[in-house]
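Following: one structure in structure tokens, then a few remarks.
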Amino acid sequence: MEPEDIFGEATSSNSVPLLVNGRGRRSSSAAMTGALVFSTFVALLGSFVFGSSVGFSSPAQSGIRKDLGLSLAEYSFFGSISTIGALVGAVVSGKVADMFGRRGAMGITGLFNIFGWLAIVFSKFNAPKFPSLSVGTGFLEFLSCLVPVYIAEITPKNLRGAFTAGNQLMICIGSSTMYLVGNIITWRLLALTGIFPCVIQLLGLPFIPESPRWLAKNGQWDDSKSSLLLLRGKRANILEEAAEIRDYTVTLEQSKESRIMELFQRKYAHSLLIGVGLMVLQQFGGVNAIGYYASSIFVSAGFSERVGTTAMVIIKVPMTVLGVLLMDKSGRHPLLLVSAGGTCLESSPFLSLGGVLIFTGSFSLGVGGIPWVIMSEIFPINVKGIAGSLVAVVSWFGSWVITYSFNFLAQWSFAGDPLHPFGLRFLTNSVDMSTNFQPIW
């Protein structure tokens with residue numbers, strides 16, 4: 001059946017009316033329905049799992065190194081390997097999502113996550129400990145970028161900004177939960193708790209609709225209409241949105257598949273500079289160093305890790321919520337400037353706790369989420385997919401560099417340790433370099 005038959009002005013006598021409101025006028029906005037909220041919640045469980053994988057390394061560091069006998073280099077590799085999984089996922093996620101659908105791809109991700117957590121739980125001392133840890137962690141953030149894609153495709157325009165911003169909020173809640181729970185249970189039990197949201201998501205996926213845009217793209221116009229009506233309500237006006245999906249699908253089919261080298265043309269230079277530049281700002285600012293190793297940072301600064309990580313949660317979650325609320329009202333640019341300015345503030349070594357909290361709060365306000373929103377808005381449709389993959393690769397590569405190198409930089413630096421009059425202990429007082437700084441490869 002042709003798209004015009006499904007999404008046209010007229011409806012058949014036995015179909016659900018596409019245009020319903022009290023005075024027969026078109027409505028440009030859509031109401032929030034139970035199906036939309038439930039579908040978004042199920043998808044956002046994937047963001048929660050992603051955040052959990054980020055927050056796991058911090059409270060687990062001392063326990064894993066002690067129980068499994070990992071060197072500093074080995075633990076740094078373990079802490080950073082999940083970003084390699086995310087980097088690979090960023091490259092292949094588009095193909096996987098197109099092949100299996102958004103729901104199917106999220107189901108595959110859920111299975112990978114369960115396997116990853118179990119591999120960590122059953123890691124043993126001087127057994128296949130390091131491969132098990134590495135493979136397990138590598139799966140945790142694989143295909144993590146599917147959630148915002150699905151949410152953006154099922155939400156109406158008037159709700160899309162707030163709902164997609166929920167992705168960053170759930171990542172924040174997931175990592176914060178790991179910080180808090182990790183203060184009271186062992187690292188194996190902490191990894192075991194990461195399985196529960198994966199299972200809940202897998203149980204919920206059969207009950208949510210497939211993306212109407214993906215269905216339309218694959219020529220399943222009847223199913224696309226049914227999915228849209230389920231998400232908007234059976235008596236909702238879907239005429240305008242259906243026409244937009246139809247036009248988008250036709251345009252997508254007519255545009256040829258772009259290759260990576262086509263991005264490096266003068267007409268795309270400005271968009272590419274902004275997209276890549278924002279990801280460099282986001283990742284090389286060092287946020288993942290704090291996210292993955294917060295406990296060791298606070299301990300080296302002379303604070304209790306429980307006090308430090310709890311304070312981070314108290315600051316991080318409200319600031320993320322504030323950023324979500326302000327994103328559409330204040331505009332992307334002003335909020336990004338305020339957020340980036342806050343991350344540049346420095347404090348003395350004696351105020352290291354305050355410095356970390358200011359940085360975390362400022363990052364959560366805007367730098368954490370806004371670059372992804374801007375990236376989705378600045379590229380034309382014919383290069384949006386390949387540009388998104390490139391920008392994601394840059395982001396995850398930067399994340400890997402920071403998470404792997406941080407522990408070495410912390411040992412090599414004189415800043416931040418109360419045992420040194422100006423910060424960290426002298427390098428000569430630290431652990432033997434031949435043991436701790438030997439790269440694992």
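Cβ coordinates are placed from backbone N, Cα and C, and glycine is handled just like the others.
Residues or ranges marked as transmembrane segment in TrEMBL: 33-55 (among others).
Residues or ranges marked as domain 'Major facilitator superfamily (MFS) profile' by TrEMBL: 39-441.
TrEMBL lists 75-93 (among others) with the feature transmembrane segment.
Under the heading transmembrane segment, TrEMBL lists 105-125 (among others).
Taken from TrEMBL, the feature transmembrane segment applies to 131-151 (among others).
Per TrEMBL, the feature transmembrane segment maps to 163-181 (among others).
Summarising the annotation, TrEMBL assigns transmembrane segment to 187-208 (among others). Panel annotation: around the transmembrane segment (187-208), residues 35, 38-39, 41-43, 45-46, 48-49, 52-53, 56, 59-60, 63-64, 67, 103, 106-107, 110-111, 113-114, 117-118, 120-121, 140, 174, 178, 181 of the same chain, lying at least six beyond its termini, place a Cβ under 8 Å from a Cβ of the stretch.
Sequence-distant contacts of the transmembrane segment (268-295) (same chain, six or more residues past either end, CB-CB distance under 8 Å): 54-55, 57-59, 61-62, 79-80, 83, 175, 179, 182, 262, 305, 308-309, 312, 340, 343, 356, 359-360, 363, 367-368, 370-371, 374-375, 378-379, 383, 387, 390-391, 394-395, 398-399, 401-403, 406-407, 410. As annotated by TrEMBL, transmembrane segment applies to 268-295 (among others).
Residues or ranges marked as transmembrane segment in TrEMBL: 307-327 (among others). Sequence-distant contacts of the transmembrane segment (307-327) (same chain, six or more residues past either end, CB-CB distance under 8 Å): 58-59, 161-162, 165-166, 168-169, 172-173, 175-176, 179-180, 182-183, 290, 294-295, 297-298, 301, 335, 339, 353, 356-357, 360-362, 364-366, 368-370, 373.
Among the features that TrEMBL reports, transmembrane segment is placed at 348-374 (among others).
Long-range contacts of the transmembrane segment (386-406) within the same chain: residues 57, 76-77, 79-80, 83-84, 86-87, 90-91, 93-94, 145, 258-260, 262-263, 268, 271-272, 275-276, 279-280, 282-284, 286-289, 292-293, 375-376, 379, each at least 6 residues beyond the stretch ends and with a Cβ under 8 Å from a Cβ of the stretch. If you look up TrEMBL, you'll see 386-406 (among others) marked as transmembrane segment.
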